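Visitor: The structure follows.
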Amino acid sequence: MPSNKSVSDAPIVQFTNCRILRDHQLQREDLWVREGKILNPEKLFFDEKGSADVQLDCKDGIIAPGFIDVQINGGFGVDFSLATDDFKSGIDLVSQKILSHGVTSFCPTLVTSPPSVYHQVLPQISVRNGGAHGAGILGAHLEGPFISKEKKGAHPEHCLRTFEAGAFQDLLATYGSLDCVQIVTLAPEMRRSSEVIQELTKRGICVSLGHSVANLSQAEEAVQHGATFITHLFNAMLPFHHRDPGIVGLLTSDKIPAGRRVFYGMISDGIHTNPAALRIAHRAHPKGLVLVTDAIAGMGLAPGRHTLGQQVVEIDGLNTYIAGTKTLSGSVATMDTCVRHFQEATGCSVETALEVASLHPAQLLGIEHKKGTLNYDSDADFLMLNDSLYVQATYIAGKEVWRQDVSGM
């Protein structure tokens with residue numbers, strides 16, 4: 001039966017023999033795609049009297065939304081915090097390579113850097129759709145320099161800054177521009193941070209709390225002013241204390257404004273967070289968990305010395321340290337590895353493991369109407385996976401952009 005072309009001349013692709021992640025459940029349905037969007041088959045059949053132009057047998061595989069990484073510092077020898085002449089080719093390389101890890105959209109992340117680096121790098125980052133060239137760019141994540149000296153982690157102390165007389169103007173002068181910025185991580189205990197949080201959220205920028213010695217009331221005040229995210233929970237913040245749980249206490253706080261959800265990033269690499277801590281966080285606040293890689297330039301490369309912004313880091317197995325110390329500095333874990341480790345550590349369902357890397361980051365950024373789900377009319381960015389959650393193929397806008405050489409499907 002030929003397609004009805006009254007609505008569109010674009011071909012209709014039907015993915016058959018698959019289990020689709022929709023409405024938090026794996027459902028045995030077909031997936032229909034046209035012009036880069038997920039189609040409602042009922043409308044296609046009854047309103048258009050149409051049918052598929054191409055049918056693809058998924059051999060009983062899982063189809064899930066593409067992963068979204070909101071904190072990735074680089075990979076494959078590319079460091080987003082280094083101002084280089086070929087920065088654009090570097091970001092292109094990373095966006096291409098992470099397709100094999102199931103990442104279809106990401107936020108290139110800059111660690112604390114001198115203003116000159118922001119001024120040089122940020123104009124070279126532009127929001128763009130994904131495709132055969134690589135994963136889509138959702139905007140930059142600026143992690144610092146307005147963070148705590150005590151919890152600086154792998155961030156260079158000499159580049160840290162505070163909000164002075166100008167507050168928000170200080171931030172603008174440091175970054176140069178907020179045009180392509182999606183997330184800013186700052187320490188909420190800093191003087192005048194509240195007005196900065198309000199100004200950023202007014203511009204649609206997500207404010208994340210991290211690298212901080214804030215107590216719970218300071219963290220709650222930041223959320224009341226618009227902050228919605230916590231940068232790598234448990235890492236680079238005060239440890240949980242029963243009398244004042246600090247930022248960690250936001251997971252069960254009763255001071256969160258009605259209708260607001262606090263999300264929190266976790267590096268599920270088996271190194272940054274003990275599996276028991278992963279389980280505690282997930283059981284306390286399952287709907288807020290967002291997996292991030294926090295990957296550095298050494299991801300995908302052999303052990304040895306690499307960079308993270310202004311610092312030299314050493315990779316030893318899956319551990320990454322500032323050279324000559326035991327201070328953790330980002331990870332070399334890939335997103336698909338984090339998803340599998342998370343499922344194994346928490347014993348959660350397949351659906352949950354996939355949603356913490358897709359639906360939740362989309363909800364955090366307010367883009368769940370087009371990314372992070374397979375709902376009708378959303379972007380056809382999706383993965384084919386086997387039952388062990390290994391990525392077999394990656395699709396962006398309904399087109400295959402990566403496939404495992406020796407298919408396990």
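Cβ atoms are placed via backbone N, Cα and C, with glycine included.
Feature list, courtesy of TrEMBL:
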DOMAIN    62-401  domain 'Amidohydrolase-related'
BINDING   E143, H211, H232  Zn(2+) binding site
BINDING   A154, N235, A236, R243, H272, L328, S329, G330  substrate binding site
ACT_SITE  D294  active site, proton donor/acceptor
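For each feature listed, report its degree of burial, its nearest neighbours and the pertinent distances within the displayed model.
Guide: The 10 Å shell around the Cβ of E143 (Zn(2+) binding site) contains 29 further Cβ atoms across the protein chains shown.
Cβ-based neighbour count (10 Å, all protein chains) for G330 (substrate binding site) stands at 31.
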Visitor: Tell me the Cβ neighbour count for A236 (substrate binding site), meaning other Cβ atoms within 10 Å of its Cβ, over all protein chains shown.
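Guide: Its Cβ shell of radius 10 Å holds 26 other Cβ atoms.
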Visitor: How far is it from A236 (substrate binding site) to H211 (Zn(2+) binding site), counting Cα to Cα, in Å?
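Guide: That comes out at 5 Å between the alpha carbons.
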Visitor: Among the recorded positions E143, H211, H232, D294, which ones place their C-alpha within 10 angstroms of the C-alpha of S329 (substrate binding site)?
Guide: D294
Visitor: Tell me the Cβ contacts of H211 (Zn(2+) binding site) under 8 Å, same chain only and six or more apart in sequence, or just say none.
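Guide: Residues satisfying the criterion: E143, G144, I147, S148, K151, K152, G153, H155, T185, A187, T231, A236, M237.
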Visitor: Measure from the Cβ of H272 (substrate binding site) and count the other Cβ atoms within 10 Å, all protein chains considered.
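Guide: A 10 Å sphere around the Cβ of H272 (substrate binding site) contains 24 other Cβ atoms.
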Visitor: Which one is it: of the binding-site residues N235, S329, which Cβ has the fewest other Cβ atoms within 10 Å in this structure?
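Guide: Output over binding-site residues N235, S329: least Cβ neighbours within 10 Å is N235.
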